[in-house]
Amino acid sequence: KKRHEMPPHIYAIADTAYRSMLQDREDQSILCTGESGAGKTENTKKVIQYLAVVASSHKGKKDSSITQGPSFAYGELEKQLLQANPILEAFGNAKTVKNDNSSRFGKFIRINFDVTGYIVGANIETYLLEKSRAIRHARDERTFHIFYYLIAGAKEKMRNDLLLESFNSYTFLSNGFVPIPAAQDDEMFQETLEAMSIMGFSEEEQLAILKVVSSVLQLGNIVFKKERNTDQASMPDNTAAQKVCHLVGINVTDFTRAILTPRIKVGRDVVQKAQTKEQADFAIEALAKATYERLFRWILSRVNKALDKTHRQGASFLGILDIAGFEIFEVNSFEQLCINYTNEKLQQLFNHTMFILEQEEYQREGIEWNFIDFGLDLQPCIELIERPNNPPGVLALLDEECWFPKATDKSFVEKLCSEQGNHPKFQKPKQLKDKTEFSIIHYAGKVDYNASAWLTKNMDPLNDNVTSLLNASSDKFVADLWKDVDRIVGLDQMAKMTESSLPSASKTKKGMFRTVGQLYKEQLGKLMTTLRNTTPNFVRCIIPNHEKRSGKLDAFLVLEQLRCNGVLEGIRICRQGFPNRIVFQEFRQRYEILAANAIPKGFMDGKQACILMIKALELDPNLYRIGQSKIFFRTGVLAHLEEERDLKITDVIMAFQAMCRGYLARKAFTKRQQQLTASKVIQRNCAAYLKLRNWQWWRLFTKVKPLDEEMEAKQNLERHVSTLNIQLSDSKKKLQDLASTIEVMEEGKKRLQKEMEGLGQQYEEKAAAYDKLEKTKNRLQQELDDLVVDLDNQRQLVSNLEKKQKKFDQLLAEEKNISSKYADERDRAEAEAREKETKALSLARALEEALEAKEELERTNKMLKAEMEDLVSSKDDVGKNVHELEKSKRALETQMEEMRTQLEELEDELQATEDAKLRLEVNMQALKGQFERDLQARDEQNEEKRRQLQRQLHEYETELEDERKQRALAAAAKKKLEGDLKDLELQADSAVKGREEAIKQLRKLQAQMKDFQRELDDARASRDEIFATSKENEKKAKSLEAELMQLQEDLAAAERARKQADLEKEELAEELASSLSGRNTLQDEKRRLEARIAQLEEELEEEQGNMEAMSDRVRKATLQAEQLSNELVTERSAAQKNESARQQLERQNKELRSKLQEVEGAVKAKLKSTVAALEAKIVQLEEQIEQEAREKQAATKLLKQKDKKLKEVLLQVEDERKMVEQYKEQAEKGNTKVKQLKRQLEEAEEESQRINANRRKLQRELDEATESNEAMGREVNALKSKLRRGNEASFVPSRRAGGRRVIENTDGSEEEMDARDSDFNGTKASE
């Protein structure tokens, strides 16, 4: 089957992403999303396995350690990439109700590839580890796998080292041992250790990790109890604490003290605060969660370090995202909000890719398309969660509440409801179980969140006393885990959360820690940026049922998931739109075979060609659209075209195969015919041979022919021996001649070398003289430049002084303006002070009125108390009225107490305002005097400085006139020096020209010396070659003589002679081959010898048995000797030519020497005259320089004087500037003081307003109390009249009984009266 006909497969998606990355050079990402248990982690592992096989750089190597099949092989990096998952699963996965291997964290695996497609590294980022699972989990669930692996798989020695116990001994393993079907914890423990070893974890690191895991379990066994008489917590048994401290390397006493009585910084003081049992338990649980989280982060960084150790550069990457899907539980907390927020962002990316970008491409390509709104805009829900302000979202409000004093989860929800109550995606549940609940409408449905403990989770507080201990642990691994303790929220910061004296608590200061929400939001933002910069490939994992059963499909559940994640809408747009598209050039190239005759020959635009092809294919116009750069098709059209193309290609291939088979059959037939003809020829030849083999003359001919060939070969060998002897003698003579020639040439070479050394010394002396003249010229030029620079500096100084005079005048004018401004400000401050005095007097009068009202209320209170005592001692039938009077009395007493406290506060505020008024008056007087003194002193100083500056200006004018005169003298001297310098330059140029001519002559001589040297080397090489050839010729001659004697002695043994001749022929061939590097004549001789050897072989075979060939061989050898003698004559003539060339070179050398001597003489004469003239010029210049030096000294003295004066002026100006700055500072201080006084006056006004409000309130309460008092007086008068009419005899006992009843009633209804008093006070407060 073809790929598009196959059902979807995770390998196909991974392969598509991998191929797209290589072809398009674009980064890819694979997003695995879905519910818990849907298979996200398994699909992620399958993708990594596939890429490790396809993109491995060790495909040809065998590796038996980790193989997924008989043909799979991985390199070290690929093995580590595969083994990263088991480690992360052991520490980050757990068994839940829905999934036996549920990932309790999200991860983004980034695999880097080089330009060839091989894996060069990887990196893993994690999100939202559910660290709370380390301390508690639901029923029938497990905590992280590593705890069970460690207890089940540790051996005896490890159990003793890590202080391990059974499953039921640990509080954090509340459900005990919960097995997982088809998984053994002890085997998984060994697999985890092996994976760590492959990742490069040392044994010490593995043991340190397991120690931390064991310490987390032991933390859960620490038990606290509440002491009897106090709320303070105590630790009756510290066995578990001792085990924890032993495992993490800290002192148990310090650990216990840090938990039970930690040190907290309050202001500048450090105090010890006793913790309650609940606080101690919370600290231990927070420490366990933080320890496990830090361990997980350390393992992740260690894994990333192992995966990124290669130094090869990554060209592109493929990212795999495995993150928790949308979660709706019975109780949804902060973790669920973060997970659902992440899924909202991912779903928005999916919608944007599938719907928005798809339809935008239709519009961009100019296709007629009505934009379809699929109703999947998730931006409102995302803004509800992440919006920073106007109005702030959930995360921003949570961060704000974390820093707000006395903030609670309830206040956070209330503020959220007030800010976002009208948001379409926010709802408040109708039936509230708790005041910390709210609802958000996500794309997958409405989710009810419970904000309980959200502030704590967002702050993630820890006991900083314990973290400091862990940071200083004796165990290096533990200390490394806790190295960043400065970013921890400590107990003192949490204590400040409950104080009201924290005005700036809602603002996060620079350098302080960042909340969990902030960090996760930034991390998610980086992830989304990475995903947007890649080409996404979505893998939607669908869970078939919630029962973990295979083969069962819950249709409603599957459809709900497809609806929530946008798959149904994606199918809809695929059906309505044109999901398949292909660029014009590719469409033409691929499907032109279907319309071969539709496109004419020659160039044609790609779009026009595609239109012609579509017409030829007769496609329905509803099935395609032609855009600007692509052609779009509906679903299935391209597949149909692909099938037709396959059929067409099949027909073409079949026709091609038929032609090939016909050609091969015809070729085989022709070959068969040729074989038949050849067999007939062979048959005829065999018949002829059978007739000849019995003929006697034929037998004689076959026996005689080999003897003739052998005799001819012997003759050729003899001739060759004689020729070689002659060559040997000639070569010896040539060798002697060349040796003498080489000796003569070596002597000439030595003589020339000595002459060259002498010339070199002379050249160096002349170069030194020239350099000396050049230095003298440069020194004079430098002195001249210095004088010019000094003149420019003097001009600059004068101009600077003039500018400073102008600036000083401007400063004086500015100072006068500032002094006038200060006077105006002083007047305004005095006016404000007088206004505040009047306000303070009005406040004092208001206070006196309040005191009088207070005294009047106290008198009224005393009167009421006396009347109450009389009424209590009255008759028992008035007990009920007395009880009501007692209640009103208590209410009045509470009112009196409140009024008394308010009066005390008013008195304190009045006293504070009086103190502020006095301070203001004192400050105003001091400022006034200071301003007047400063202004007077400044005016005097300015006048004095103005006079000094005028005097200095006159002095500068006189000095400037002197400077102008000196400048004119210096200009004249400069012109004179420039003329002298030009003369020196002309003389130096002539010397340079002479020097260059000498250098040219010297270079010519050096070139001739090199030629002589080259010729001498050639002669030596030829001599060595001749020596070598002569030795070889001697050897050859000796061998040929021996062969000649042997042939003369035994001519009858023809066969043996032929073999010896063959051997000698091979030796001669080797010797001739070794002489390939000889001269041209010897090479010609070699070729002739090879031809002779071939001829000897032929003659030896033809003339075998011929005894007379011996004389012919001798004659031929004589001829060969004559030829060698001729060649020797030519060699001698060549040697004579070489000798004559050498003599000619010697003559040229002598001529050049004579020319060199003449040139040297001329150069010396020129140099002597030039040096004499230059010396005279130098003496003259030295005199001029001395005169100029004296003038320069005088000028420097004047400059020093002027510098001193200038420094004094500058110091004075600097003093003036400092004084101005001081005045500005004083003015600023005065402004700040005035502002402070204004603020104090405003505060005093606010206090007075508040006092007036309190006074009006007290007046109203006093009026009410007066009215109630009058009512009570009327009631008392009525009771007195009743008492007078009563019976006198029964008055005493009834009064006693009534008194007792009144007392009992009072005691019994005390709580009721308190409740009514509180209601009364609340009513007053609301009024």
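Please read every residue number as a count from 1 along the shown chain.
Note: Cβ is positioned from N, Cα and C throughout, glycine not excepted.
Remember, predicted model here, so these are calculated numbers, not experimental data.
Checking SER57, SER1039, SER1133, SER1294 against Swiss-Prot for the annotation phosphoserine singles out SER1039. When SER411, SER1077, SER1290 are compared in Swiss-Prot, the phosphoserine annotation sits on SER1077. Record check of SER64, SER1309 in Swiss-Prot: the feature phosphoserine is attached to SER1309. Within 10 Å of the C-beta of GLU35 (ATP binding site) we count 23 further C-beta atoms, all protein chains included. Reduced to three states, the DSSP call for LYS40 (ATP binding site) is helix.
Within its own chain, the compositional bias 'Basic and acidic residues' (1222-1231) is flanked in space by residues 815, 818, 821-822, 825, 927, 930-931, 934, 938, which lie at least six positions past its ends and keep a Cβ under 8 Å from the stretch. According to DSSP, the compositional bias 'Basic and acidic residues' (1222-1231) comprises 10 helix, 0 strand, 0 coil. Beyond the ends of the region 'Actin-binding' (524-546), by six or more residues, the same chain brings 10, 13, 16-17, 20, 24, 26-40, 43, 98, 108, 125, 127, 319, 321, 325, 341-342, 345, 349-350, 353, 552-554, 557-558, 561-562, 565, 567 to within a C-beta distance below 8 angstroms of the stretch. Over all protein chains present, the Cβ of LYS40 (ATP binding site) has 27 other Cβ atoms lying within 10 Å. As a whole-number mean, the pLDDT of the region 'C-terminal' (1290-1327) in this prediction is 41. Within the region 'Actin-binding' (625-639), the DSSP-based counts of helix, strand and coil residues read 3 helix, 6 strand, 6 coil.
The Cβ of GLY34 (ATP binding site) has 20 neighbouring Cβ atoms from other residues within 10 Å, across all protein chains displayed. The binding-site residues examined here are GLY37, GLY39; by Cβ neighbour count within 10 Å, the least packed of them is GLY39. In the region 'Actin-binding' (524-546), helix, strand and coil residues by DSSP number 9 helix, 7 strand, 7 coil.
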